[in-house]
Amino acid sequence: MIPTRLGATPRLLLRALNRNVSTTTECLQRIAALDQGEGGVNAFVSVSASQEEINQPSPSSYSSPLAAYPVAIKDNICTADLPTTCSSSMLRDFRPPYDATVVRLLKAAGADIIGKTNCDEFGMGSLNTHTVHGPVINPFQPESRRSMAWRERERRSAGGSSGGSAAAVASSMCYAALATDTGGSTRLPAAYSGIAGLKPSYGLISRWGVVSFADSLDCVGIMAKKVDHVRKVFAEIASYDERDPTSAPEKVRNHAQALCRTRMEELGIEADRLSTMKGLRIGIPQEYFPSELSPALLSNFRDTIKKLRDNFGAKLVPISLPSTPYALSAYYVIASAEASSNLARYDGVRYGSRVSPDETTDTTRTSNVYALTRSSHFGPEVRKRILLGTYALSADAFDNYFLQAQRVRALIRADFDNVFLTQNVLAAPSMPLSDSLDSRVDVIMHPSAIRTAPPLSETPDSGLDSYVQDVLTVPASLAGLPALSVPTGYDESGDGWPVGVSVVGQWGCEDMVFAVGAAIEAQSRNDIEP
């Protein structure tokens, strides 16, 4: 017998049985068993204490695709019912008086907000080790080691910065989870954990109520075990929000969707079910195979695209995105610069916990009081990025660093627009397609990560080794394009851990990305369980 929510209807129970969806009660029990205590996954930083405390939808919401489904929220997205700490000592006591727009929309759709998930401090990190709550443990284990006791298994990173959301989904502690993605923080954990993770087109999902890291890059991401689950959550929360100045207007959204659907109709592709892909052009960018890429992951990627060609009739098209080698450097300059500005508000007076000065502090200078609070409550990674961003915005460095990074970003956007068949509705409307369409594509595919999840004992505390994890994900972030990481099985010739590939589409073409992702999922080994 499946434990049920109070007031659930027989129709709702039947849907849960047919879809094999864990109820909220089951998920709360699973969190208690797997997440808490020494050796636990450490995915959640706060949890709704009981079924009765969780959002109870009205009967009219029972027909929603998300009715009674437990959803977790990353700890940098505001929730009125639970604390929002951003995994930082600076916000350890912060409880927002409101829900973020995405949380409000989920509740309106009938979803149960089950808890808040661990993350890197203010979303800054690729391995979920920069957090006051302790690192997140990847819940997956290779088949050869699954007989071991849960808390004796190998400790590997779940990825970052949204590692808690990824681990919660992968270990069946929730149906889906909201994350954020600035430079790969949804896609990288998804690849490490063997689940699906979407970074949407910039501006399609409201950022109102999301604690800012880098405003021009931040997106609300979605994680779930299946592409179809991601698509259903996306459909509920992707809408215009007048409170978010970066939210794309309905006219722009509709235009992009119309162009995308026209192309899908030409190909005979439907967004909600698997169909032929004959004529679909998949771009394979030559710059997305750096020396750091694991040979086993490269082999898996080749097998995946070969199956799309042989089984679905897709056409593989070699393409070039020449500005890609400069993307990682440009990203860290831009993101750090924006972070240094956004995090200036956390001074212990306007926002954040305050450290009282002692007798050795010269309180006649206000800056000393601020500095004491910020140096005490910000972690080392956040402090490092604030310093980097402050320098990049200084008069001496602005032209050589920040301005140059913005120029690289413009080149990266142009590279993508030059290879997609569908026009970018955000670009100048008079911009024509090139004379030759032979090199134009519908979507782009590349490996999601350069390696499988690294052991926590090997994760670097600082330096370029941690930043290079994002080398394959930041270009789509800089261009503001939708990107979906889909699990494609395991590193069969190596450590046996999950592997993923990413599908990148033109702005607003999530339907195309979901369709290709569903095809990949259908042909891949998807029995990835913790």
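Along the chain as shown, residues are numbered 1 onward.
Glycine is treated like the rest: Cβ placed from N, Cα and C.
Here's what TrEMBL has on this protein:
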ACT_SITE  K74  active site, charge relay system
ACT_SITE  S161  active site, charge relay system
ACT_SITE  S185  active site, acyl-ester intermediate
COMPBIAS  143-157  compositional bias 'Basic and acidic residues'
DOMAIN    24-513  domain 'Amidase'
REGION    143-166  region 'Disordered'
* Mind giving me a neighbour count for K74 (active site, charge relay system)? Other Cβ atoms within 10 Å of its Cβ, every protein chain shown. => 31
* Asked: Which residues, sitting 6 or more apart from S185 (active site, acyl-ester intermediate) on the same chain, put a CB under 8 Å from its CB?
  -> C119, D120, G123, S126, G160, S161, S162, A179, G221
* pLDDT averaged over the residues of the domain 'Amidase' (24-513) -> 91
* Local Cβ density at S161 (active site, charge relay system) - other Cβ atoms counted within 10 Å -> 35
* Structure fact -> Once DSSP output is merged into helix, strand and coil, K74 (active site, charge relay system) belongs to strand
